[in-house]
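Note sheet for the following structure.
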């Protein structure tokens, strides 16, 4: 913008040029000269065409997101998914290769790859759906842009020009209710005042007064640019003529749009996702090593050679047997991967979101539930989160019996509810004349209203004025008048009563120069008075008298003024916003004023006359107001401290007010030295990078006041670089980039903009800081439960790998086939793993420090424990397979009733040489309703004949995993201290899993698909006898773990005591 900017644009190509012209620090004449335009005529049509070629349309750019195919491919950028994909492809090829044989095993072979493909497809669909929602914050941002503008061009006013056609240099007229279409410099005020609601950009909840006067400094924050209006904000009072300075992506809202897009490009995986990826990589290496070992052990079966003259010759290769061991490698991959894990994690997180919703925390992105659990820093906004966002009066100072005495009343209450709190030491039945005058001015010189909506009290108008009306209700009525006689449905009954006593006939609107508002009122007796409220110092300057307790009026001397100013100073230092009250009955030409037809009305048309009207006032008292802290926040901050979570307050408010609130809520202690802990956003940004990091590493709370969006982003970026897990709260458009950048972005549900909500991971339904702390506790509990079921599922998989490895190493027939392992991993393990998500939380969960995001999911001790358990699973599943072939009874249980033939272990381990055995015969045996005979080929006993032994192996695996889920109830706690009924859902889940296993055993079609047969009662006794010891083994390991960890804890506490 400006001539220099235009030249640059013509040379520069596609990117719209940006301007460094500080319009806010230049006079109106200088701004018009810079853009070669006059406020009266506006731009000419040919100039508009040239400028649009340079700057383009006034709209936010559309960032093209990744295509649907890119999103699909991204879902396969995961180690576990890749292993599954390879396993599925290989098993499908092998099934196709074996397909000519047909029969039972042919059907089974195709079930496995199809199920794996189905898992991968569902996983990809869910992932793509989540990714597609990521850019919604940018769309929501576009909705707050203006659509039309009143523009002056070629000397004429165009009332409804599409806002996107604006160019820098355009002259725009703004009026009440307009959305500002671009960043603009105010040239002239049409009305006496202009107020703009810019909370979405700055976080300030009060509408801001605007002026056309330049500001002194070029380097100033948004709040300080009083002569500028910004795109996306709203005019709430007055009208003005403005000059467009910045359009499109160069506006403040355009910069936020760019920051949101940039932040969304650099979103990291959650701590759990990172750990699972690491686990997947380790798993890949382990599978590779085990497959290589299995092949090396069994190479003699598919590759043989003879030695001639000391050298290997006459190599013989069996493709069929090579394929068989390739199938074992696929089975290993299927066994090693917990296929059901993604589904169980999603279910657990979804259940967690329901629990959090009950605590007013609405989770938008499932992984956020887990990330919350390791939050180390909470960066919170002040207004509305730590405070109620409802102004309330807390001190009332009235004049005493003498001119040198004051009375101070403490006022309770933190909301707009008139019945919330009382005034201490209040003369209920005998309100004196001085207090009556304060009540009258507060009620009548006031444009706000309070309404009841959805179980809460809400205000329309200025929050400070609403707080004054609530104060009037707490003051009650003068003696002799009963509030019970008033309309019981009216919320502001006393205010209505006072307005009935004094009818307003004129308003002297507030302006920044005199810092006061006045109203001329006519009493029932017909006399006129002027009631004024405003900044205490300004009112004292225009006051000549003071009203005492009994209503008498005396001269305001220096002693009285000093006393009032001392009271003002005391309240201001505790961050109270103070307003004074004054009146006068001496109105000169306005003594008979009754409306627009009165001769004095023309004086009211010029706001510069208001100061001369408000002179010779009678000062009556003052009130201190503030946005009070939420009552529950102090306890929540204490909980954070106990949980090792640091709280940083980042606010757009001024430093003194923010410091007072932080002391009140416990971020700082009352006597704490906070010089190095309380900075402005600008002060922080001026520090060196190393100093910034040193500051952010301080223990305890920190405060950043007058913070802008870029400051919030810098704080979040540095914290994350330092390894902190950051939760950031926000409600405005200005907060969206930082919300997107933080590990957990938390938007406000009541006060929050749609942009903030769309950029966030979680929305607070009640805008309450304590809800964040409750959600962190819930997140920790959910993570602990997820850790329990992840370990449970991984330990089960270790057992399956051990089983297949032992099978291959011992050379016995395959005891578990891939489709059975898939069934166990997906279906049988699923219900218990999900039920572990319902484990009750530890009582001291918020007394422990947060886990580091790089903490190991599986420690060396846990891995050792599950290797022992896994080894037992392998021995038990392979052992029962061998026992069935080699024994007729075991542990006193006779299972020879089916008539199966016993063989020696040597025969079983060399079953591939069966065809060379002389006189080897096998008797028929029964399994359920079926009979198996082997007259044609006795060697088939080790293939189709292994169906009963396979069923026993599968049943032992299922039973062990059910018992193992009981072990997972607590990481180190014995089942005696945390019995199974501590989580009744787990008992139900075990019943479901056993029920599903019975289903595939006893439904003929399913039994055929899974290659199994029904078991007898005695065989079930054998299964349980072999499976139960897993509980005893883990109890011993837990006992060892408890004693080693307790000695470590004693050493840790002793070390910290010494420190």
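Positions of Cβ are set from backbone N, Cα and C atoms, glycine also.
Feature annotation (TrEMBL): of 789-812, 813-836, 909-932, the stretch labelled transmembrane segment is 789-812. Looking at the stretches 282-303, 370-391, 392-413, the one that TrEMBL records under the feature transmembrane segment is 282-303. Residue ranges 746-773, 858-885 are listed, and TrEMBL annotates 858-885 among them as transmembrane segment. Confidence annotation: the domain 'Cation-transporting P-type ATPase N-terminal' (22-96) carries a mean pLDDT of 81 in the model. Nonlocal intrachain contacts for the transmembrane segment (789-812), taken as residues 6+ away from its ends with a CB within less than 8 angstroms of a stretch CB, comprise 279, 286, 290, 293-294, 297-298, 301, 325, 328, 331-332, 335-338, 340-341, 344-345, 348, 821, 824-825, 829, 832-834, 836-837, 857-858, 862, 865-867, 869-875, 877-878, 881-882, 908-912, 953, 957, 960-961, 964-965, 967-968, 971.
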